[in-house]
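Worksheet: one structure, shown below.
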Amino acid sequence: MAAPVSEPTVARQKLLALLGQVQTYVFQIELLRRCDPHIGRGKLPQLKLNALQVRALRRRLRPGLEAQAGAFLTPLSVTLELLLEYAWREGERLLGSLETFATAGDVAAFFTETMGLARPCPYHQRVRLDTYGGTVHMELCFLHDVENFLKQLNYCHLITPSRGATAALERVREFMVGAVGSGLIVPPELSDPSHPCAVCFEELCVTANQGATIARRLADRICNHVTQQAQVRLDANELRRYLPHAAGLSDADRARALSVLDHALARTAGGDGQPHPSPENDSVRKEADALLEAHDVFQATTPGLYAISELRFWLASGDRAGQTTMDAFASNLTALARRELQQETAAVAVELALFGRRAEHFDRAFGSHLAALDMVDALIIGGQATSPDDQIEALIRACYDHHLTTPLLRRLVSPEQCDEEALRRVLARMGAGGAADAPKGGAGPDDDGDRVAVEEGTRGLGAPGGGGEDEDRRRGPGGQGPETWGDIATQAAADVRERRRLYADRLTKRSLASLGRCVREQRGELEKMLRVSVHGEVLPATFAAVANGFAARARFCALTAGAGTVIDNRSAPGVFDAHRFMRASLLRHQVDPALLPSITHRFFELVNGPLFDHSTHSFAQPPNTALYYSVENVGLLPHLKEELARFIMGAGGSGADWAVSEFQRFYCFDGISGITPTQRAAWRYIRELIIATTLFASVYRCGELELRRPDCSRPTSEGRYRYPPGVYLTYDSDCPLVAIVESAPDGCIGPRSVVVYDRDVFSILYSVLQHLAPRLPDGGHDGPP
């Protein structure tokens, strides 16, 4: 018998099923926004029913989602809330637009309203963050802006009050409703994959660096976590395959539509897409063929005619169609455009055959605007019949095509073009009448010129048959070298051609290798830019982690306020004497150097934000690893990282330099402005707290006094929170220190709990000592005089 499924698992499964249904509805909304409004009017009853269901779901789930936001968010709950909000808002807007269209009948006005063409860009959200060091203003425009802001908020969590963080996170959530809540597909204007995310950084930290710095590797990183690529496969015969099975059509209509579709596909299928010879080359070949046809064996063969025959031989035997590098990487953008035209023609033909009208979808209603876009925008928008991978291949082939259009590379990659040029030059000389009447074997004035033209056109650039015959011709009788000035000139010209060929061959190899390396490096960016992107789980997970950290602080203060016994030292009389006594007792001692590594890790644990929690994983890492991820992801300057790393070691617990706070002014930032100075002041306060508690444990021998964070506790399956005894740093300047000296056996705060509030390190330690004194072996030390 299978084990029963736990209640949280069942709830998660239900939320996943609900999430899938809401995503389907959002996808329908996105389709109807771009579809002919006449079709949308026919779907009004179903659309209204879905809108009513979304209203009911939102009304029923919203209280629970809001309660969970104050308790513990999950990426699933965040995504579901964003989708519900977007589905409710955009579904109502679509219904209103369809009803307006039913009255006005203006297709352009319908698309202007549904697509937001008359409204400002919705992806600009101003965010204000109030910190102890001042107010920070930012603007969110991309998905990576959201991730960067959340990482920055995570780093500055110790100087940010929970109220200010909650207000800023609410503005971030509003941006994510339109950005992430719009379904699976990411709008191209929202994605900027050149900015690496925290997952990119973590992946690079665990892979071989090949001697490169992390900054250099991040600069070349294409993020595929905030948005992920989706493989899109398009079937060219999809309409032909599924039309026979379309529901709601009569057999006669279906047969007529299939007949029209076949006729339209046959008419638009013309053209093979292969390159055709230019008219100029065609006329040259015709002229050469006419001269050769007029010659027979009874006539003397002139050197020019022999050169024409040899060039025609190389042209006939050198057909490299579909084999050369040029053909392998030729641009195929026209073929993609032809495919789009064929798809559009077939769709319109079927629409006319079935419905008697051409549907006015968004791309057709605004076709003139889309046609005015440049090539880059058109590629980003894409098409209905071409997949992004087809566009990428066409772009890469276009790059090679453009690179190979230089005269040198064109002659090397396409030797037949050299033969065409040589044939044209020979015909030009013969047209001048210089060599047409000279007998074969004679020493006419164009003999050397024709031979050189043939060699340049065939063997000069590496065609078969070159090399050996040339070498023999250069030498005189007996192979002893040239004997006349003509032989010297011929040999010099041949040497120049050979050096030119070798240099061009080497240049071509380097050029093509460099181009190939560039294409390989840029292909990832092209794929990320042009392929369809879907939302990843990074943003919901990051938002949930940061929001949970600040919600835990507010929840901790609310729960401790309801404890059975609450001692508030912030306004109690006689606290100053306790402060002075404990301060004097601790300043006489210094921290054991052997404890410095452990208290340094404690410092890192308290400074680190709630986002990077590697120290709590199943395979836990030390706190310095999580802090490393935190500071590196915000680009902290090297001198600040060095200062942070040596903050505890620099003090060492000796002298009184570590005690920086005045009485009842612990975690007070009055008179301090700026993020970095405020951060440094918070580091000093945290160092003071750590050293004071360490000395307190060693002086009074009461065991280790635990320093904890409010977000150390997670809810149980019953929704309860356990807070073990210890001193908690709340990061709240009004009440920065809370000591739980007694709690219920299960660790929950209740009537038996004893809680101490304070704004002073030494007075709260004295209160802890008072509660620990009856349990100490020697009964504790004397109190303040």
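Including glycine, each Cβ sits where the backbone N, Cα and C put it.
The zinc finger annotation in Swiss-Prot covers 197-225, and the record cites sequence analysis as its basis. What Swiss-Prot lists as region 'Disordered' is 433-489. The ATP binding site annotation in Swiss-Prot covers F696, A697, S698, V699, Y700, R701, C702, G703 and is backed by sequence analysis.
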Applying a 10 Å Cβ distance cut-off over all chains shown, what neighbour count does V699 (ATP binding site) have?
15
In which DSSP state, out of helix, strand and coil, do we find R701 (ATP binding site)?
coil
For R701 (ATP binding site), what is the tally of other C-beta atoms lying within 10 angstroms of its C-beta?
10
Neighbours of F696, A697, S698, V699, Y700, R701, C702, G703 excl. site residues, C-beta within 8 Å of centre, ATP:
L695, L705
Kindly report the helix/strand/coil residue split of the zinc finger (197-225) according to DSSP, in that order.
14 helix, 0 strand, 15 coil
State the count of C-beta atoms found within 10 angstroms of the C-beta of Y700 (ATP binding site), not counting that atom itself.
21
Helix, strand or coil at F696 (ATP binding site), per DSSP?
helix
